[in-house]
């Protein structure tokens, strides 16, 4: 008889503890209902990238001296530099320059080590296509400057995530670790 009463008491204590945990979760849910949404409605609102953002690479054909430093410092030897040697002036003349952004890891080494600064990083990050071969940019496509997010009339820009009510989110004050069962 005592075993049955002890079992019933243990069961009721576990049920009450489970109800408390469910109640704590519900309090957290209610606490978040008063906050502004944290998501950005992407196609209509765009986040302005920082100045150091590493987006698509911009290339200036006239500045390039075909030294191939960008190929040597690239961890995956990605830029393809085609050149021919002009015998009359004994200099390399650039014929073609291309980068495949389907393979590029956007490390920025090519931009950093370029001696003539013909490469630069833009703030363009929308590189999605249905065919991966469209991501192989030649010198003409690399030379086009993208439309700035601030100048795009179809979108609303968000300068950062500082529109949240409390700034950086912190844990719930009543949160406990779930180590005791």
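Note that Cβ sites are derived from N, Cα and C of the backbone, with glycine treated the same way.
Taken from Swiss-Prot, the feature [4Fe-4S] cluster 1 binding site applies to 64, 67, 70, 114, supported by sequence analysis. Taken residue by residue with DSSP, residue 67 ([4Fe-4S] cluster 1 binding site) is part of neither helix nor strand, so it is coil.
Within the same chain, residues at least six positions away from residue 104 ([4Fe-4S] cluster 2 binding site) with a Cβ under 8 Å of its Cβ are 57, 76, 78. The annotation [4Fe-4S] cluster 2 binding site is assigned in Swiss-Prot to 74, 104, 107, 110 on the grounds of sequence analysis.
Within the same chain, residues 49, 92-101, 103-107, 109-125, 127, 137, 139, 142-143, 145-146 sit at least 6 positions outside the domain '4Fe-4S ferredoxin-type 1' (55-84) and bring their C-beta atoms closer than 8 Å to a C-beta of that stretch. The domain '4Fe-4S ferredoxin-type 1' feature in Swiss-Prot is assigned to 55-84.
If you look up Swiss-Prot, you'll see 95-124 marked as domain '4Fe-4S ferredoxin-type 2', on the strength of sequence analysis. Regional average pLDDT for the domain '4Fe-4S ferredoxin-type 2' (95-124) in the model is 94.
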Taking 10 A as the limit, how many CB atoms besides its own sit near the CB of residue 114 ([4Fe-4S] cluster 1 binding site)?
19
Quick one: pull the CA-CA distance for residue 70 ([4Fe-4S] cluster 1 binding site) versus residue 110 ([4Fe-4S] cluster 2 binding site), whole Å only.
4
When you measure from the Cβ of residue 74 ([4Fe-4S] cluster 2 binding site), how many other Cβ atoms are you left with inside 10 Å?
17
Taking Cα atoms as reference points, which of the binding-site residues 64, 67, 114 is nearest to residue 107 ([4Fe-4S] cluster 2 binding site)?
114
